[in-house]
Amino acid sequence: MMFCFWPYPQIDYAERAPLPRNMIENSLFEEEPDVVDLAKETPSSSSSFPLDPDDVVYEPRSSRLLVRGLGENDADEEEEDYESSARLLGMSFMNRSSNQRAANQRTAYTRQDPSSFCSCLPSVRTMVAGVFVLVLVASLIMVIYFLPGCTFTREGCKKANTSQDSIYPIATDGQPFPWADLRLPSSVVPVHYDLLLQPNLTSMTFRGSVTITMTLQQDTDVLILHSADMTISKATFQDKEVKPLEYKPWQQIAIKFPQLKKGQTCTLKVDYSAHLSTSYDGFYNSSYIDTTGTKRVLAATQFEPLAARKAFPCFDEPAFKATFSVKIKREAEYISLSNMPKIGTTQEDGLLLDEFEKSVTMSTYLVAFIVANLSSVSRNVSGTQVSVYAVPDKKDQVQYALDSAADLLQFYNKFFDIDYPLKKLDMVAIPDFLAGAMENWGLITFRETTLLVGNHSSPLDRQLVTSVIAHELAHQWFGNLVTMKWWNDLWLNEGFASYMQYMSIEKLFPQLDIDNEFLNIRFRALAKDSLNSSHPVSAVVKTPEQVEEMFDSVSYEKGASILLMVNSTLNDGEFQKGVIEYLNKYKGRNTVNEDLWNSLSSVSKLSISVAQMMNTWTLQKGFPLVTVNRIGPTVNLSQEHFLLDAGNVTSNNVWHIPLTYVNDSCSTARGCKQVFLLKDKSAKLDIPAGVKWLKFNYKNEGFYIVDYGVEGWKALIKALKEDVNVLPHEDRAALVNNIFMLSRLGKVPFRQVQNMLSYMSNETETAPLTEALIHLMHILRMLEKRQDLFLVNRMKAYIINHFGDLMDSQSWEEESSVAKQTLRSMLLEISCGLHRANCTEKAMDAFQTWVASNGTYRIPSDLMRVVFSVAVQTEDGWNRVLQAYKLSLYDSEKRRMLEALASTQDVSNIVWILRAGLSGSDIQNQELPLVISTVCKGLAGYLYGWNFVKENWGKITQKFPIGSFAVQSIIVSATSQFSTKLQLLELENFFSSLKDKGSQMRTVQEAVETIKLNMLWMDKNLDTLRTWL
Ligand SMILES: [Zn+2]
């Protein structure tokens, strides 16, 4: 999945009921001390009793949750039916039945309690002492029959009678639900799904029928799978009608049946109906207004991470791979698409029935289908039919995507040395879609902005579209062919797809300047990962909120960054070789973190262990700060956790750092790079005596920050002032980034930052300039929000002094270089934002020309945002831009207009746009996070933005699930500029009042930490700013 700076589809967990533990604690079993809170339980930390020791595919299900309440007397009626004849056979059946039940599917959740048997022995012995031998024999027989779970082995009593003391959640119908974990048991695995769907785009409902063929991994008498928000009309298991039990809070259903043996095959058929989802996930309805003003509807899917279960009952975890045969019944005015090519269409009850080929083996989150009226173009690429689909009004915007996808598909076929395995690849622009895109195998879905390119769109637009296609195509191998076992290793999908997206574009489309973008991404990832609220790349994940929260900067951006680091550390070609080895070894299967490193290790000729090195980067959070202290020819190196510390947190993390460096005698060519592996807290490095300066972390390819000490910084700044080209532009940008980060950490005074920036009068490259501007603007925005007018004015003057000439020299004509577009749009937005007449007058001129031309004059697209942002500050401008927004057929243009509208400083317009974003009428709900973040950047809007978030929290979390990227983005953008105690208190009070409606989110911790850090920075630096600005 891909965000492209905006949030992704949501899952509605607002109705989630409390965990069973809460139910239990509040009712029957309060006295039990052994009950474990599942929410705190983790797969890695818990003592688990693996269901099947031979099972290496699935992680052992965790939890020591005490399981009670299912004694023979509690057995449900279906089971009693099945068992009734056997029951006639007498007690021995009962005994065996509960014994096996305990030994099989529930083993993981039963409390081991040897005392229950052993405590019986003395009483038996007492009887022996007091009564006849016959009574003894009778007693032993009684023991054998009535205390199942205890067997007479050398180990003595191994197992307690689980049926006497088991706690289960309560199913919807009031019966005990026979499973007590969010994760499914691995006793039954799906092999194939036959799926028939019939959506009704008038009533916005659908009917479905699924037949699942499964095999048993062990003896069992219960089947647990996922199902959500549907009405089951009929279920048959092994051709016998059954009544599934449902536990809604965990979206699970259960079928109980007479014991089946390991290795047996069984089938479950479920007929059901549901509403098409209105929250962008599951099988959901999307709509748009066409050029005639008519509302058009369509139905599409978005399953990742947890929503396939809303479209059909299934084993909705990535490790439960299976094949799928999909049939879709539709009205003649629509077409239908699914992952695989269509076999044929037949007529049935006045409708058309499309049948698709049986799929490759895949995870449920990759299944997809669409019913819509779409136009397409196609092309054969190395035996694969590649097509791009869009709504008919936009059919002239699909060619660029088709051509780019063709190039990328050929590149990946070659790079991975495995051909894309399907005969077709569809890419579909969905009019109303929250994610950037989704990599469904063979049927990739996109936002219109990330797939459609009009004739006039800019290189920046094409960079975005190409990036997203490159990301999603990489997933067809990384994610689809080889999939992470569980969401804790989501980075294996997302970090890799992100890295491949930059690598492939750099090779195939050098004109798109993707390097600068990737460098920027790495800087942003460092900033996020410097907080104590960050998490390891491979983190513990259990609850749906935790799964949602994995779709964040760490999985995507840090994941991509550490892959770059490992690639640039390995010898040429080894990375690709290792990846091919990994894909071949695991294709069709699931993997963990370690599997990738082992594959890379196995092909590498380096003396270091890739797995050992990379585990220090994936299993612990954060990254290192390397401090360099040079004394003559000796360089003392030390490492510590770069942790922006707002609360005296300590960390002993140590990384294996492939430290790279260049010096003044050879500093720009790749051949100049030298490598030193820093594995310990400190080390010494010898260098030639005459070296004037050292620059570490060549081109910022490593994920760490370097402090050169007073003398080291001085030497570097001096060298840059003499000749900026003494270092590559990536290295210059990294120096700027690192010194700002060190200032935040309190390691260097702000004065030193200013020294660094003084070299910039000679700087013309995008990366170092934008890096400096990003940090300076962040400080300015914080000062603005503290209403420290003196410092605000000084800071503005400082920015203009340093960058004013550069701002004024920017052209307002069409520009073909992406790097130049990126730089000029940032410079001009800042310039106009600081109300410089030079800028605002030119922007208004461009706006007036656009108005007068009646749509024939096109503002260069990278300048649209600045032009419209100036224009909307007048009433006439606001009205015109709003009107144009409603009519535009180009989604990328619409988004720029929307950002301009949201930058209004007029209070009534601010209120209007926030409400419109929430209501979804004039502005689609998918844009709400963008609206809030843009409003909050402005001085007039930021308090309204925060109040709006607080007042509408309930509605926001109904549309976007707690923990989702949308909610993460809303919280961060609404609060990241706070820097006073009062603001902190207010935020803390608000979130603690939410309790289970969001107080536990990692993003909330991040927001609190960020405000504290802002306060600290202000405390430390306000005086310096007053003195030096
Ligand atoms: Zn992705």
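In case you wondered, yes, glycine gets a Cβ from its N, Cα and C as well.
The active site, proton acceptor feature in TrEMBL is assigned to Glu472. Among the features that TrEMBL reports, Zn(2+) binding site is placed at His471, His475, Glu494. Under the heading domain 'Aminopeptidase N-like N-terminal', TrEMBL lists 189-366. Annotation comment: TrEMBL describes 400-617 as domain 'Peptidase M1 membrane alanine aminopeptidase'. Residues or ranges marked as domain 'ERAP1-like C-terminal' in TrEMBL: 693-1012. As annotated by TrEMBL, site 'Transition state stabilizer' applies to Tyr556. The annotation transmembrane segment is assigned in TrEMBL to 127-147.
Listed recorded positions: Glu472, Glu494, Tyr556. Those with a CB atom under 6 Å from ligand 1: Glu494. Excluding His471, His475, Glu494 themselves, the residues of that chain whose CB lies within 8 A of the CB mean position for the Zn(2+) site are, in sequence, Met1, Met2, Glu439, Glu472, Ala474, Phe478, Gly479, Asn493, Phe496, Ala497, Ser498, Met500, Gln501, Tyr556. A separation of roughly 13 Å, to the nearest angstrom, links the Cα atoms of His475 (Zn(2+) binding site) and Tyr556 (site 'Transition state stabilizer'). Separating the Cα atoms of Glu472 (active site, proton acceptor) and Glu494 (Zn(2+) binding site) is a whole-number distance of 10 Å. Counted within 10 Å of its Cβ, the other Cβ atoms near Glu494 (Zn(2+) binding site) come to 27, all protein chains included. Here the binding-site residues are His471, His475, and the one ringed by the most other CB atoms within 10 angstroms is His471. Working note on the recorded positions Glu472, Tyr556: by count of other C-beta atoms within 10 Å of each C-beta, Glu472 ranks first.
Here Tyr556 (site 'Transition state stabilizer') is positioned 11 angstrom away from His471 (Zn(2+) binding site), judged by their C-alpha atoms.
It is 5 Å from the Cα atom of Glu494 (Zn(2+) binding site) to that of Tyr556 (site 'Transition state stabilizer').
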